[in-house]
Structures are given as structure tokens and as C-alpha cells.
């Protein structure tokens, strides 16, 4: 009895020790001795950097964390490497998400990460920063006014208030919200510091300016006190050279980001801004703003690193600025870890490699805790090595995580999941591999037998390291039963299969080479012998790729007449169909192949290596390399061009005019100066015109002086003491260089000396000359020519125009007003005798409005009355009339006052019956009583019209009823409204027809309500 108790105690102690050891292994990490479907945590959502607006009304912020695991994971959070006390009422958990109530900058700003764990291990999320965003208001102090001479450059400082983060956007208000300044070549708002730059100040810049700052991160905007800008007039503005005042600094950018460089110059005339990458072509993703002041490079790459230059130039001088863009890269995986199962006692090298700039360092976590740095190699693994591993690659720009679970396997050999095939087929003379793949850990030893004979390696037989059996040069005697025996320290197992030998597959009719022209057909023959017990399939491939006959049935067809025939028909062959065709005859056991080449003759392929050299104003030299002639000699080349003005390619004139097929250089001539071009080259042979080359890089031809004169020169009219000159602006293609503008020359018709003025806006077609001594309607000769930095163009034809007339000096007389209704009056007057009257202007305003808010109506000079509509009822109005012409309006007439009538009745007549009587309907309604502020009812208007039409017969009556004829066909509408001195009131209507007396809605409403007995007649 004592021995039995002692034995039981030892068993219990041993069981507890084993159980505790098993539990320790199961806490973090897992050894597998049987099928295991559980797994450790895998993150599906991780926290991200979050900015919480300090003024947010929400009062809480969430950091997300969600992992998939079996069993379900448990979550906890850490901040600045310290555990978060989730028992505090400031924190709560929703699933794995952390919710912070009433966030406090002093307590809650920091770095957070989430831990997810189950009995397979623990993983740590990526780190996320919680910060607090704010944008303070501008100081309340008034900003001093700025005075600048016209023609001089200037800067208005924004001086944004304290803020976080830095991603502000800037705009400037002019005089009031929301009138924002539009940026152009003369005005620029820097998104770096918010300042407003004006290259040269004009009189039109006068106003009050305010810097408007927005923070997209916290959706808040503020604006500064207004800054008065006062341009000081100059008799003549002085030109001065370009001076770059907005300069970009060296930039460190991450690969994939968008980079913005700013460059703006002061100067008079307004400088042109050009960008280039020093010694290298500009990135293909670079874009330059319309004004030229901003260069944006989208999705920047490592090869975009380099020195960038901005050059500003006007006709007084140029300025340059350079800085470097350094492109670095966030860590990116080259090779990372994945969930892995390894046999107990084996070695493991777990590769984890990342690239980036700077080169990332590698560190490891195991179950959420620091474990190792650099390469990870495990030797003679045990269950203690199981768990959740994380490889972290990090550089100065951030970190990336790769998570994986390591399971340790210890299993006796078993073929339950992957037994050997019961029947294995192999062709005589061929090769076969019989797989033996049991599940076992550690790796077992392998033995093979055929029948009762043990197999060993020989010249024909090879047992692979993974246990597979390879037999070469198969004979009929190799058929039989094969068994694979496996054993490790956990147990033994075996599996058996039968090898059956078949006849080999052989090509007996091989395809032969063919030579055709584009559009012709070709046939590739193919036939094979094979084991009659098997099914034969033919597979055709083209240049190594299997032909998909479903997708490519337009050009490829097969002959299915005979099982042993795999003939291929190629229809309407194109150049792309030239190449090597391979026929493969295959069964489930073996295959045999044969190939042939197809030559397709056709138009030439695209020329290559196109280069542009010796760029001049109207010509460029091109060189290229010969492309494929597709088996027919090239007879000539054609150069084609495309400009920014059109998307169409056009044949260019060349020198020589005909480019022979043996040439690889020519010159494109008769080009437009200072125009952006692309070029391509097309080859031709006797079989047609080939594909064009890849277009060249865009180039700009050299500048030249304009050689086209503006057209449609004319003008005249305008305000008093003005000479207005107009012309049709030259389109962009005729500018020929930068700083394009116009020189306008004019003189009195009989004068000797031409007066010349310069107009710098290339898009304008108008100039107004003001001269207080100019006489009205004076004849002038005018002409216009274009200019740029290369020189002047020819003058246009001379046109004769007249200066503006004087405004009329007389006021209209006998102005009278007739009140028509509550919303309309009629105004009439005596005409002005002066011949220079072109129109009359009637100004009118209500007594409660200011005269400055007066409405205006313009009528032709032949009219002596006007109707004013949409007036307010029962309101006093003031009216005056002026005579006008192109120079302006003359003095006003005496002011006349009048009162509009009271408003018409607002209540519609209530129709009480619609009764048929013989051949007519009698419509009856209640009397409308006007309110105290409405005009008295003087009668009623009745409109009798077909339904769906606006016109009909109008009746007037003082009664409360009317008789209308019965419609012969269709429905009619009877509209009734009260009439008064103030106009017509609101309408009531009823529908009638030859078949019914009331609309259904009125019939159902009126008869019960009024107790009217109506006889229906049909």
C-alpha cells in the first residue's frame, strides 16, 4: 500500500512537472506534435500618426489596433514605453482601439504602440505619434500702410501666427472676404512663408490686403489685419533688371513624395522665369506653373536628385539661382520573413533584408520584446524558439515591420496527407520521378524497394535527398511495384505505388520554315505517334509563349480533323507574327516538340536613337539609326513634327526635300521661332509606311524678331478726351521670343510726328490714350507692330480712327411719369437736340434706398419713353433721365417723383360651382375682398383656353359669374383672377370638357361642402 502511494505521488509530481513545462511552452511559442490550426496575432489595422485639434469639440481621440488570431488576441497599449493604465476613466478600449477622453496636450502627447497577444505569442504594432494641432489668431494690432512707386517691386509680409503642424496654405484677400488675389506672372504668393510679391506695382494694385492662412490638418483659417497698399504715380516708370527674391533652398525629399520649388523675381518689365536641371534632363514628372514661378516634381525618384536652376530674365537683365535636391528613401523590403514551420533540432536562417537611403538597420522582436540585431540564425531549434517574431528595418525616415510566427515541428512519419500515387505512368526511353513526401519531423531517412529488391543509386537510378526516386532510360522491365520506407526518432511509415510503362510520343511530321508578306496566310504542319491507351494534345507556342486560341482566334486556327494531326493555320499575318513556332505533342506521360521559323515581310519598323542637334530659329538637325526593314529595303524617310498648339503630327519640310532610305540625318526647315516642338521619323519601303519612331524630347527653337504684323487695326469711341486703339492680338505661335509686346504708333491725320507707346501685355488688343487737350472726334492715323527681345516686327497697315466725342451737354426736358400698376410705371421725355446723342439712360430708385443704388435702363436715341417694371408696390420712387453717347452721359433731367399703386389682391377667387346649362358652362365664384394694403377690386378677368396652351379668349366682368361655351373636344381651363388698379391678382382655375363639368378634385370637394345638386349631362 505504501509503495502504491509512493508510486502515485511520483506520477503526480512527474505529471505536474510535465504540465508546467508544457504550459510554459504554450505561453509564448508553440511546438507542434500534431495537426494545429491555431495561429498567433496578425495585425489588420495599426495606429497611425494623429493630429488632434486643440479646439476640437469632440472631446476624444481614437488610436486603432485590430489583429486576427486564433484564439482571439488580448490587447494592451503603451505610451512613451510605459504601460497605459486602462482602469483610468480617461482611457477606454473598444475592441483593440484605444479611446482617450478629454485629450490633454501635457498628458497625452507622445508615442503610442499596441501589443496583441495570445498563447502563440505577442506582436507589437508600428509606433504612432499623437500630437496636438493649433493655429493662433493674428495679432490685433493694425498694420502700417505701404507706399510704393509705380513700376517698382514690393513684398507684403504675412508673418503667420504660431501654429502646428507646418502644412499651412496661404492666400491674400483684397479689400474684403472672399475676394482673393489671382496669381499671375506679376503677382506671387509664396507657400513657404506666405508673403505676397509683386514684380512691379501698377495703379490697379491700390487696395487693402490681408494674409489668409489655412491649416488643412485642423480645418481652421485666420486672416491678418488689412495692410493698405498705396501706389505712388510716376510720370514714366523706370525699367530695372530681374532680381530673384523668392529663392528655394537645398531640399531633402523622400522618394515618392511631391516636391515644390518656388522662384519669383521682381523687375520691370515682368521677368520671364525658366527652369532647368543642371547637366541633366528635367524629370518626366516635372510640371511648371502657368506663371513659371513654381516647379513641381511629382513622385520624385532617386534619379531626380541633382542641382536645379531658376533663371529670371527681362530686357534689362537676368538673375539666376541654384540649389540641390537630395532624394532619400523610406525603408522598403527586399526580402522579409513569413510564417515558418521547422523541424525540431534543425537550423534556421531567417532572411530579412531592406533597402532605403540611408541604408536601414535591422533589429528583431520576439513576443513583443527586443531579441536580436542584424541577421537571425537559429541552431538546433527547440520548442523554446517558437513564438511571434518581428523584423524591423529602420532609418532616419521611419521603420517598417515584418511579422511572422515560428512553429517547431516534432512528428512521427505519416503518409496520411500525401500518400504515394497508386499508379505512375512513364514512357519507354524516358525519365520518371516518383515522389515520396511524408510529413515528419525531424527529417526521416529514406529507403526504396521494387518488389522485394532494395534499390540503391546507380547510373540509371537516383534517390534524391528529399526522398524522391528518379529512373532514367526507362525500359519495359522497370514496370512494377515500388515502396518508399521512412523512419525518424518518432516512428516509421511506408507507402507503395505501381509504375506502368507506355509507348513514347514522337513527332512524325514536323513544321517547316515559311516566308510570306503582311496580310497573307501560312500553314504549319505537325503530326505525332503516341501510345493508343493515352490521349494526345497539341500545343503551339510562339517565341516561347503558348498561343491562346480563344483570345487570338482572328489570326490562329487549328485543324481538328485527325487526332494525330495538329496543323496550325496563321491567317492575315502581321509583322508581329514573325518568329519561331513550336509544335508540342503531349500526353499525360511525355511530350515531343519540333519548331520552324516564319518570316513576314512588311513596312519598316520604327527608326531608333532619334537625336536633335544644332537648334536654330527656323530649323533643327536630326539624326537617327536605321530600324528593321522587315525584309524589304527602306526607300525613304519622313520627318514629322508636333507643337504645343496642336495634338496632330504633320510632315515637316526638310533639307534635302527627299530623304533617301540610306540616309540617317536631315534638317527640318521652315519651323516657327521660339516654338516648342517634338519630332519623329517614319520609314517607308515598297510594302508601305512603317511605324513612327519614339518622339524626341521636347525642344524649343531659337527666338527671332516677329515677322507678322497685327491685323484688324482700328478703334475710336471711348470716354471723353480718349483715343481708343484696337487690334487683333497675335497668337502664341507668332511671338517668336520672350518679352513679347506691341508698339502702338498714332498721330493726328495731318500731323508729322508719330507718337509711340509700348504695350507689354502680349494678350491685349487695346490701348487707350488720354489727353485733356484732345479735341472730340479728331481724326488720327494709327498703326501697330509687335516686338520681343530679338527686335521689332513690321507695322500693320495704317488705319484712320477718331477720338472720343464729348458727352452730351443738355439734359432731357419735360420728363413725365405715368403709373401703370403696383409694379410698373411709364416714363416719357422730350428728346435732346444735340446730334451726338446715341442713347438715353433712365435712373430710378426707391425713397428708402440711396441714390447710389439706383437702377438704370438704357434705350436707343430714337426712343422717347420707357417702361419700368418689377417695382415695389405702394412705394415712392425718384426718376431722372440723361442723354448718353460713347463718351458718357450728360447732365440729369429734373428729378421726378411718383408713387406706385397698392399691390393687387393676394387672395384668389374661390370657385364655388361650375354648372352645365344647355350649350354653356356657368362658372361662379366668391367676391374677393382686398386687404387694407391692397388695391380695391374693380372687376374680374377670365381666361378661357385649351389645356396645355397659354393663349385663349379673355373676358372681363364686374359680376361673380360667367358663361363659357362647352368645349367641342378635349379639356379647357377656365382661369379667374381679380383685377384692380394695382394689377391682376392670384388666379384660380377649373378644368371643363364636353364629358364632365368639374375637375375630379373640385367635384369631390365642392358638392359635399356646398350641398349643390348638379345634373350631369353626357
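Cβ coordinates are placed from backbone N, Cα and C, and glycine is handled just like the others.
The Cβ neighbour count for residue 114 (disulfide bond), using a 10 Å radius over every protein chain in view, is 27. The secondary structure of residue 114 (disulfide bond), as reduced to three states from DSSP, is extended strand. The disulfide bond annotation in Swiss-Prot covers 65-114 (among others), and the record cites sequence analysis as its basis.
Taking the Cβ of residue 158 (disulfide bond) as reference, residues of its chain lying under 8 Å away and at least six apart in sequence are, in sequence order, 170, 193, 194, 195, 196, 211, 213, 224. Residues or ranges marked as disulfide bond by Swiss-Prot: 158-211 (among others).
Here Swiss-Prot flags 263-310 (among others) as disulfide bond, drawing on sequence analysis. Under the DSSP three-state reduction, residue 310 (disulfide bond) is assigned to strand.
Among the features that Swiss-Prot reports, disulfide bond is placed at 352-391 (among others). Long-range Cβ neighbours of residue 391 (disulfide bond) (same chain, at least 6 residues apart, Cβ-Cβ under 8 Å): 336, 337, 350, 352, 362, 363, 364, 376, 401, 402, 404. Secondary structure from DSSP puts residue 391 (disulfide bond) in a beta strand.
For 436-484 (among others), the entry in Swiss-Prot reads disulfide bond, with the evidence type sequence analysis. When secondary structure is read from DSSP and collapsed to three states, residue 436 (disulfide bond) falls in the coil class.
Swiss-Prot lists 526-583 (among others) with the feature disulfide bond. Sequence-distant neighbours of residue 526 (disulfide bond) (same chain, six or more apart, CB under 8 Å from its CB) are 507, 509, 510, 511, 538, 540, 565, 566, 567, 568, 583, 585, 594, listed in sequence order.
The domain 'Ig-like C2-type 1' annotation in Swiss-Prot covers 41-131. If you average pLDDT over the domain 'Ig-like C2-type 1' (41-131) in this model, you get 90.
What Swiss-Prot records for 137-223 is domain 'Ig-like C2-type 2'. Across the domain 'Ig-like C2-type 2' (137-223), DSSP assigns 3 helix, 39 strand, 45 coil.
Under the heading domain 'Ig-like C2-type 3', Swiss-Prot lists 241-326.
Summarising the annotation, Swiss-Prot assigns domain 'Ig-like C2-type 4' to 331-407.
The annotation domain 'Ig-like C2-type 5' is assigned in Swiss-Prot to 413-500.
What Swiss-Prot lists as domain 'Ig-like C2-type 6' is 504-601.
Among the features that Swiss-Prot reports, domain 'Fibronectin type-III 1' is placed at 606-704, with the record citing sequence analysis. Counting residues per DSSP class in helix, strand and coil order gives 0 helix, 51 strand, 48 coil for the domain 'Fibronectin type-III 1' (606-704).
Here Swiss-Prot flags 709-806 as domain 'Fibronectin type-III 2'.
Taken from Swiss-Prot, the feature domain 'Fibronectin type-III 3' applies to 811-906, supported by sequence analysis. With helix defined as DSSP H, G or I and strand as E or B, the domain 'Fibronectin type-III 3' (811-906) counts 3 helix, 48 strand, 45 coil.
Annotation comment: Swiss-Prot describes 907-1000 as domain 'Fibronectin type-III 4'.
Using a Cβ-Cβ cut-off under 8 Å and counting only residues 6 or more beyond its ends in the same chain, the region 'Disordered' (698-718) has close neighbours at 612, 615-618, 620, 671-679, 724-730, 734-738, 740, 742, 765-766, 768, 782-799, 801-804, 886-887.
Just going by CB pairs under 8 A, the stretch in 41-131, 331-407, 504-601 that sits most against the domain 'Ig-like C2-type 2' (137-223) is 41-131. Ranked by number of Cβ pairs under 8 Å to the domain 'Ig-like C2-type 4' (331-407), the listed stretches 41-131, 413-500, 504-601 are led by 41-131. When the recorded positions 310, 338, 457, 473, 494, 521 are screened for a Cα within 10 A of the Cα of residue 484 (disulfide bond), the ones that qualify are 494. In sequence order, 420, 446, 448, 467, 468, 469, 484, 486, 495 make up the list of same-chain residues 6 or more apart from residue 436 (disulfide bond) whose Cβ falls under 8 Å from its Cβ. Nearest to residue 65 (disulfide bond) in space, judged by Cα atoms and limited to the recorded positions 258, 263, 338, 521, 591, is 338. In the three-state DSSP classification, residue 494 (N-linked glycosylation site) falls within a strand.
In this structure, the glycosylation sites 208, 457, 494, 521 were compared by how many other Cβ atoms lie within 10 Å of their Cβ, and the smallest count belongs to 457.
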